[in-house]
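The block underneath contains the structure these notes are about, expressed in structure tokens.
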Amino acid sequence: MTYARIQGVGSYIPQQILSNADLEKMVNTTDEWIMQRVGVRERHVIANSPDNTTTMAVDAAKRAIEMAGIDPAVIDMIIVGTATAEYYFPSTACLVQKHLNLREDIPAFDINGACAGFVYALSIADQYIRNGGAKHILVIGVDSLTKVVDWKDRSTCILFGDGAGAVILQAHKEPGILNTILHANGDYSDLITAKSGVWERESVPHLHMYGKEVFKLAVTKLGEIVDEIIEKSGLKQSDIDWLIPHQANLRIIEATAKRLGLPRERVILTIEQHGNTSAASIPLALDAAVRAGKIKRGDTLLLEAFGAGLAWGAALLKL
């Protein structure tokens, strides 16, 4: 049997930091309130730097390729999960292909699963490798949500940061990705929006979110999907070494960890330093944990994410 196995990870975050103390000067909020409500102390932001969605994706990809120790010429597919592409078209994936000087006989495309974008992209890549359609896939999660945040809305501007994370998936005989599950429900599409499309456009596109409703649904749906993927994989909760959650809200993360019976020290947390980086949050956290020596080859990881759409998903894998 052929598995899709992670061979390298990489990430990138902008240099500029926006702290809760900085936000106290911008909106009616406090560090204590933000930490209690969501668990974020600071976030990295593009602001006026030369960074953008494409450049962050490229930098994260370079680091993943370096760790994987592969010749970039062997990459035979690029999938980018993002909700904040630099352009309507061309795709971010094609721009990454250009900047990395990758060969032209490969597919390169974006998918928009919002905060669940990386898990969606990972699932698609897994199927391609399992079915023999590719052997080395570059999967990237990247977002620049601070560019669509309303900095006068204290309920949302405190949440988000910018960044990118990437993995190299390689066809392998040793177990890698064991299972992925993806769900969506468009009936809840109005709960998180940034209306800047062709047909419905705000003069300045801003992210809008009904936080209380999203919180309740996230806790419920993520709890259900982690149970579902463990059962589907024939494993037990005790088989999970690490939970790598989407870093949206510490209370949501704690609810999922409690459902799994995992202590906090077995949960990879970067939300305090990064905030919610949308599709980038899981690969950012994975990269940080691998480079810190927390997560090691052979560990069993459970990834889960929930975002606008509403779309949510989970992946169970052996590193």
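Every residue gets a Cβ built from N, Cα and C, even glycine.
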Of the residue ranges 22-26, 197-201, 247-251, 277-281, the one that Swiss-Prot records as region 'ACP-binding': 247-251
Pairwise CA distance, ASN276 (active site) versus HIS246 (active site), rounded so that it is a whole Å: 8
Rounded inter-Cα distance in Å - HIS246 (active site), CYS115 (active site): 7
DSSP state at HIS246 (active site), helix/strand/coil: coil
Sparsest-packed of the listed active-site residues (HIS246, ASN276) - C-beta count within 10 angstroms: ASN276
